[in-house]
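According to TrEMBL, the protein has these features:
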- 86-134: domain 'Transposase Helix-turn-helix' (DOMAIN)
- 165-324: domain 'DDE Tnp4' (DOMAIN)
Amino acid sequence: MVLEQPQTFKDAQTQWIDPAVEDHTYCKGSIISDTTITPAPEISRSIAEVTLKRDEDSLLYAGISLQVFNTLVSCLQGFAPSSSTMPVQDQVLLTLMKLRQNFPGADLARRFKISASKVSKIITHWIDVLAEHTQDLIPWLPRDTIKATMPEVFLQHFSDLTCIIDCSESVIQKAKNLDSRSESYSHYYASNTVKYLVAIAPSGMVMFISEAFGGKCSDRYITQNSGFLDCLRPGDVVMGDRGFTIRDLVEERRVRLVIPAFTRKHCQLTNEQVTQMRRIANVRIHVEQVIRHLKVYKILSQTVPISLVHKIDKILQVCAALINLRGELISSK
């Protein structure tokens, strides 16, 4: 006869362990804590890749579509400074952000995690590179191309038009040199400015942009000294506003100038002159539209810092080339 052993109990410090759990030791937490999980390595991405995810981003920061930005970067891969470890796309983006948004150097330094002096060197280098490699993007179009791409709004009254010209100004930071300050003072803006001539085809493409002149220079002086007249051929037709007192300069090249009629003292314009003025105004708005596109680049619509004034000719060329890359600026209708 087997006598039942009396059941014994252990206190809280010596509680018994369920044999079922004891047999399945994989349940113990120590097994899990001892397991080392190696995280997957992160893929390093450039700041440009993180910043520019869609066309809206690229237009905001660079002024061009994402596809055009990527194409531009691929064309410039071989022109980075040999001492730089920063990705080319980041260097190009930084430069275009300066042109497009005119961010201060300290802002760009923080965004790209580099020093302000490095920002300045990158901008200076890439403005030079961009200017050298975008010259062909501002072509003087052949007459056949101008006619083939002419929007309908020009065809009825200005079908033989070659280009529309206008002058624009950009405010610059005051120079310490008083002579330089005097040469650049513009009474129209009551500020120190640079002034430049823009010529566009009827299609809206920029065909010519001059170097920068002091803000006090007249439209006639800039037209005469910018090299624009050398682009013209006999039979061309140029449209300007009243400020372009250049009829003698173009007619000696057998070029016709179309400008609104002047009102003289005690003389009224004829009905024909008024009609012509309205027709000119209707198509001249297109050159103003292109200049607005040019000044989407805030380096030209805000104040050009004194550190970049010596690069203003190249900046003008690069910005004009970039708006040509955006494609059709004037409706074909």
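Just so it is clear, glycine is given a Cβ too, placed from its N, Cα and C backbone atoms.
Note that the coordinates shown come from a computational prediction; the quantities given were computed from them, not determined experimentally.
Sorting each residue of the domain 'Transposase Helix-turn-helix' (86-134) by its DSSP state yields 40 helix, 0 strand, 9 coil.
The average pLDDT the prediction assigns to the domain 'DDE Tnp4' (165-324) is 90.
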